[in-house]
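Inspection log for the structure reproduced underneath, given as structure tokens.
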């Protein structure tokens with residue numbers, strides 16, 4: 001996948017309501033025989049169906065590999081999404097991957113949901 005194609009991968013894909021697990025993932029073009037990775041981007045993925053953070057990462061990384069990209073999980077936590085109140089709160093951590101940099105996650109979420117109040121905290125699980 002060419003670096004320009006990374007722009008076609010949505011920065012944020014989260015469920016519309018509820019409290020659920022999320023992961024922050026760095027996606028980059030698959031390197032060829034040790035060649036340096038030209039460009040990467042971080043994406044936020046959070047879904048109610050996931051029992052574990054690894055379930056999200058495994059699905060997303062599999063999808064990205066099919067598109068010619070490599071991934072690394074940068075951490076995770078939970079998202080509380082209240083669409084009626086237009087509020088999203090990002091918090092906590094994942095036992096498997098550690099805490100994500102919630103500040104990065106919330107900036108990406110704010111870009112997708114500009115009319116929402118988006119907050120974050122490191123506490124909670």
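The backbone N, Cα and C atoms fix where each Cβ goes, and this holds for glycine too.
Noted in Swiss-Prot for the protein shown:
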- 2: N-acetylalanine (MOD_RES)
- 21, 94, 95, 96: substrate binding site (BINDING)
- 53: active site, proton acceptor (ACT_SITE)
Those recorded positions listed as 21, 53, and which of them has the most Cβ atoms within 10 Å of its own Cβ: 53
Between the residue listed as 'active site, proton acceptor' and residue 94 (substrate binding site), the C-alpha gap once rounded to whole angstrom: 7
All-chain count of other Cβ atoms within 10 Å of residue 96 (substrate binding site): 13
Among 94, 95 [binding-site residues], residue with fewest other Cβ within 10 Å: 95
Annotated substrate contacts 21, 94, 95, 96, maximal Cα-Cα distance (Å, integer): 12
Where residue 21 (substrate binding site) falls in three-state DSSP terms: strand
Any further residue of that chain within 8 Å (Cβ to the Cβ centroid of 21, 94, 95, 96) of the recorded substrate site: 23, 52, 53, 54, 76, 93, 97
